[in-house]
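Data block below; observations after.
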């Protein structure tokens, strides 16, 4: 594993573990709605993953609908994913982000493909004015987004990111800069996931290589992170979502015979994994 | 169960059961095409469900294409689902509905999220001029749509509906008003489904709670209702589709280990459930 | 089978088989990216199929993004599928095709529904100026596209094609005319697939009728053909993709209990089928 062997697993009775377990239970008990503006490739998987962890899903492409769901108190968090953009998203996505920020509701950004294309760049630049609460991304996207926002860490070797090519460690300066800028949390997915609030780094080993052989593992983790943000503070939401994913992936890998059966087993495992299994995962800090 | 215990299961040899069985066989024998204009979240599941009951699927977002498929005799019914609207659907969806009505072809409306958003409201209001043959919805959507069209039953407590929160019974006045206004059938999904032509109410128990833990159960039922509307009168189409769904859900629940395996088993069961199993379902009237 | 019994299976040691096996290995070894502009119905299945054969997937709807991925060397081939068109695709799709041609990168066209709708006709007509390297279609679409481009073979009985109604044999003149016009390869899917470069015809028996009972078998074959076009010449790419599909379908059919489990097993089988199984398939020429 690529993380500092000097760091250690947090204690079994660390209060953070209680907060994580409480978040898992709260989602299952209250079925909160996190609304999503997300790409067409994996929109079905995002919705099914949110349902499988116990939440509720509503998808649309409208700033006005975002405001309606926010103001009605129906949606407790917003998820915006930057894949498969259409021209009209140029105004709609920033409007949805603005509405969340004005109402002090958490919102989660997945900057899919950051660095590729003018429309994507324009929308990501607009988000600088109404920054997300949590960023869920891969290493290359963290570096690219730091560059778009003019933050530190952008001078790492970056590339338009649709896959987790760069090592997590190379993205740490960018992740720190992003977390501090948004005053929230950055969750970088990789062989060992990194969750940071800019001060403290948490590394989460485990998960499955099958996650890179199905489409939507990262996108749906973003959606589930928004589901958890309905019931927990950003750091706990990001940790609970990433750990829930890793434990479900472990379970699915044990029975998968290929990427098709892995995806089916993964959704089953999101439903069946216990709060205790999630909260007692290895968490290196 | 929430329906009047005084109502009873219709007779085993009720002619309606023969009509339902004949519809199931006709779809499997003739693979009819019902075209769909439907949301991006569940569009794949709608198409796969239509294929799994024996029909054919063609999806698009164009009033002109709807007319082309209608005029060629290729499509025998149209399904319009109001999820994930884009700006251009403002004209395209009403045009597709108008084409169906002008050619006296049945069309099925799923008013997903009725009550939320101006664009959705505008399109639903436009449909008042070319009303659907069948409305497939949940309770809160029936109430909201009755309100948009200025019909009775809209004074029940309504809310923007993406889930079946309201009780079916509270939606009965709205369902009756809608059915009478369109001169067709309203199919309200819930723990016990309600199908009504405004005169006679049919209640269909069974199905599975898993249906609320996957995305697209309702959307795809709308698409399958359109498939059945290709070969049967509206009341029979709505009953056959809802009963086919309930029996397939029962079968899938018996083998499911979570929402992933439930969805797989449900598509298998749509294919394997017999016409007799569907037609001999409990039907309270 | 409908093909000339006088034609014979090519030799076990035909060099073409070595090229096919090498293509299968090259995709698995190098995980090449073929970018896609493809319909909303089956976009998830296209991406998952590309991943399951060993490739990488990136989906969008932008000529500018196509150029960015091409110029960066990230994408080695482009896939354009004509289902579920939106108005803005009128300019974006031809721009993506033009970029591929200008950079001498292969691109694969799936002319879904050729013959239906003015927008589709306009875009397909535009492609005549920057023709694809490979066309993957069904028989009726081959005939319709030959008509749109004013080529021979268009006088066969044609119909707007969303399903493989026409016999492959009726489409042979159109397939030959298309292959010669583009200077590439046409892959016509059916009970027995036909792959032709306009000079030599290859017929590929096998596969499964379940492929017609799930949505996206053809669309995803188009995407996988683009994946193979990243690493092999057009004829080998079209053959490798179609044979990979037929062998995976054979394997999935052996365990499927319906269309749901077939799709799961099919994705597993795409991953697990060996290069040798694919390359030693029956190939009649």
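In case you wondered, yes, glycine gets a Cβ from its N, Cα and C as well.
The model shown is predicted, which means the values in this text are computed figures rather than measured ones.
Record features, source TrEMBL:
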- B:59, B:216: substrate binding site (BINDING)
- B:136, B:189: ATP binding site (BINDING)
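Reduced to three states, the DSSP call for residue B:59 (substrate binding site) is strand. Residue density at residue B:216 (substrate binding site): 26 other Cβ atoms are found within 10 A of its Cβ, drawing on all protein chains shown. If you take the Cα of residue B:136 (ATP binding site) and the Cα of residue B:216 (substrate binding site), they are about 13 angstrom apart, rounded to a whole number.
Proximity to chain C (Cβ-Cβ under 8 A) holds for B:59 out of the binding-site residues B:59, B:136, B:189. It is 12 Å from the Cα atom of residue B:189 (ATP binding site) to that of residue B:216 (substrate binding site).
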